[in-house]
Amino acid sequence: MANHTHAPAPLGGSLFTPFTLLLGTLSAIAGVILLYRLFYGLGAVTNLNDGYPWGIWIAYDVVVGSAFACGGYAMALLVYIFNKGQYHPLVRPALLASLFGYTLAGASVIFDLGRWWNFWHIFWPGYAQVNSVMFEVAVCISAYIVVMWIEFAPAFLEKWGLKDVRQKLNKLLFFFIALGVLLPSMHQSSLGSLLVIFGEQIHPLWQSGMLLPLIYLMTAILLGFAVVIFEATLSSTGFRRQLETPVLAPLAKLMYGLLAAYVVVRVLDLLLRGALGSAFAATWQAFWFWVEMACFVVPLATLATDRARRSAGRLFAGAVLLMLGGFLLRINGFLVGYMTGEGWHYFPSLAELMVTVGLIAFEILAYIYIVRNYPVLPAAQPATR
Amino acid sequence: MIETYIDETTEAAATVASRLRIDRREFLQFCAATAATLGLPTGAEAAIAKAVEKAQRPSVIWLHFQECTGCSESLLRAEHPTLEKLILDVISLDYHETLMAAAGHQAEAARKSAMKANKGKYILVVEGAIPVAQDGIFCKIGGHKAIDMLKECAADAAAVIAMGSCASWGGMPSTDPNPTGSSGVADVLGKPVVTIPGCPPNPYNFLATAVHFLTFGKLPEIDQLGRPKFAYGRIIHEHCERRAHFDAGRFALEFGDEGHRKGYCLYKLGCKGPETYANCSTIGFGDVGESNWPVACGHPCIGCSEKGVGFTKPIHMTAQLKGMSPPASYPGVVEQQGKTSFASAAALAAIAGAAAGGAAMLAKNLGKQDDVPAPKKGE
């Protein structure tokens, strides 16, 4: 399947650059805040209140974070299920980004639990509430994190020269790859289902009821593709390698089809539920709804042709817009459109923000460390410029 | 197995329903409610349904002494249409001064014949306290003193149930200075009996005790004061719907104040829930759901079922907390509804700006490299 010229290899190079030092500092700040939170409680660090029991640590770190980490899922779906071998070089880097996205999303949940030392209860028979969507999400995400580490293990095994283990794992890998496609399909849709039980507490623009699972699943795959494009472009420019546009352009075509289908589903749902009227009210919700819709509709226009999709600039801008759209859909559903009663409001505290920023910084830092030291990115010739 | 049990229950229910001319569903609801009141596991309602179906109907002799008949009233005036029918169906009420048609010597004869016919098998229920001062002359029925009548009837009874606080421990008639020497059944007989205290007690607590006897052939487990554990095993406070307010330090300070209107804890108005053992807070009164019991209505519990509390302590005297201590700290009474800090808003704006700027610059730079040749088809 893997073309020889595309075989992954470590990038090498120095780990200490001004950029990595900045990332390290941001990660350290987040670490200190989290340590403080573990000892002094959520109230000491966050702006959470009785009306808003969750904030950006759930809405961004978990819900958006895991959706941004769907690159590995989307690529595995494409390469292994739809057998599109030409995208294989994109799988490993995508998987790596997903690995960190998910692992940190899972870890973030612990920091958001009031009594975090009880976190293991959800996995313990007798404590677990097996009828809850939250339970499904927790178990599924945890299982997926383990599966992804196994899926990614060949990269470590190659580096450490453990050929025997590698060969044995190869025989079993198909099973984990299948799980790696099944599990995200389950929990990414369940993240939408979480909003179903909130009923009228969710603004009509985002309370799609039984369509929520579909909407969240479609955008998760969409985000997966967008993130692959985003991350491939960034690592090409960041590490001064040749752009992967020839592989990305056909991928963008698939993404475009899915995007069109999503916009149709979303708009039809709003029309059929009669919710579109509230988009014309003078509210913050309506404002953010239009920004969100613009992020999905603009790429629909700018990426319409093959020629447009071969332009690295347009492709990158489109991918960023889609990521922003998916980000807003989730933030809008979980925070902006989440109305728990008169007088209650929520805006993240500086400490909360710094944790999220630090988490992202840590993800990028770890990504850089791994691709420099382990075979992840396809061994390609440097950009000719 | 589940099917057989459902079939048997359904069959039993159908028999009882046709006998009593009540709805089958109502009967099954009664069985389930009784099983739940007794705290019995799933399947017990089937056993109850079968026991009621057999209609062995134990003979019951019901004595009234120093009382107000409130306990009988609470049984009969239950709003649930099937309750009184069921009481009269599951037991054979052979002597009850308020309810029996017979009067005078006829009534006495009915009691004597029932005692003779069911010797050692009948259940004796006592309602009201027994005066023992001055040889017990303060209460006489048909020329017999209460104390003699009780001893006579208790001698051959299979079980004695003291119904209400008066019969259980003296109740209201025994309030200091207690000139008649009112006493509970156990004190007079000198042996422990099953007591169902309360003024009046919840009818379901009596009914559940009777049904337990009918279903399992013995009375339910009792505590050292003779109270069935299923009903009196916990203090009211433990399951009170206002408990969260107690824990949060939110109290009504006087009737009609803001806290009272908002349904805060009545502890500071003298609620005796923290020192009274009963299940009022879980099953409510009058078959209209949990909203109907003193605390739900906005009045503090007076501890009517608890000796040394009800009719002893002043109603608005603060209760002694049993088996609990106040939390080390209270959350704020007024919750902050959310705050926004300038620093975080500025930081968020800066991050968003930097991300947007970076993305735009990168897209622009990438746009300059777009003269990459188009890939050949099929690549």
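Note that Cβ sites are derived from N, Cα and C of the backbone, with glycine treated the same way.
Pulled from TrEMBL:
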- A:12-36: transmembrane segment (TRANSMEM)
- A:56-82: transmembrane segment (TRANSMEM)
- A:94-113: transmembrane segment (TRANSMEM)
- A:133-152: transmembrane segment (TRANSMEM)
- A:172-198: transmembrane segment (TRANSMEM)
- A:210-234: transmembrane segment (TRANSMEM)
- A:246-265: transmembrane segment (TRANSMEM)
- A:285-303: transmembrane segment (TRANSMEM)
- A:315-338: transmembrane segment (TRANSMEM)
- A:350-370: transmembrane segment (TRANSMEM)
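Sequence-remote contacts of a segment are chain residues at least 6 beyond its ends whose Cβ falls under 8 Å from one of its Cβ atoms, and for the transmembrane segment (A:172-198) they are 63, 66-67, 70, 72-73, 76-77, 80-81, 133-134, 136-137, 140-141, 143-144, 147-148, 150-151, 154, 206-210, 212-217, 220, 330, 333-334, 338.
The transmembrane segment (A:133-152) is in contact with the transmembrane segment (A:94-113), judged by 3+ CB-CB distances under 8 Å for residue pairs 6 or more apart in sequence.
Pairs of Cβ atoms less than 8 Å apart link the transmembrane segment (A:350-370) most often to A:94-113, out of A:94-113, A:285-303, A:315-338. With a cut-off of 8 Å between Cβ atoms, the residues of this chain six or more beyond the transmembrane segment (A:315-338) that come close are 52, 54-56, 58-60, 63-64, 67-68, 191-192, 195, 198, 201-203, 205-207, 215-216, 219-220, 222-223, 225-227, 229-230, 233, 245, 248-249, 252, 255, 259, 284-285, 288-289, 291-293, 295-296, 298-299, 302-303, 309, 346. Among residues of the same chain six or more beyond the transmembrane segment (A:246-265), those with a C-beta under 8 A of the stretch's C-beta atoms are 78, 86-87, 89-90, 211, 214-215, 218-219, 221-222, 225-226, 228-229, 232-233, 296-297, 299-300, 303-304, 306, 309-310, 315, 318, 322. Beyond the ends of the transmembrane segment (A:94-113), by six or more residues, the same chain brings 34, 37-38, 42, 54, 57-58, 61-62, 65-66, 68-76, 119, 138, 141-142, 144-145, 148-149, 151-152, 155, 224, 227-228, 231, 355, 359, 362-363, 366-367, 370-371, 376 to within a C-beta distance below 8 angstroms of the stretch. Note on the transmembrane segment (A:285-303): residues 203, 205, 252, 255-256, 259-260, 262-263, 266, 278-279, 309, 314-315, 317-319, 321-322, 324-325, 328-329, 331-332, 336-337 of its chain, located 6 or more positions outside it, place their CB under 8 angstroms from a CB of the stretch.
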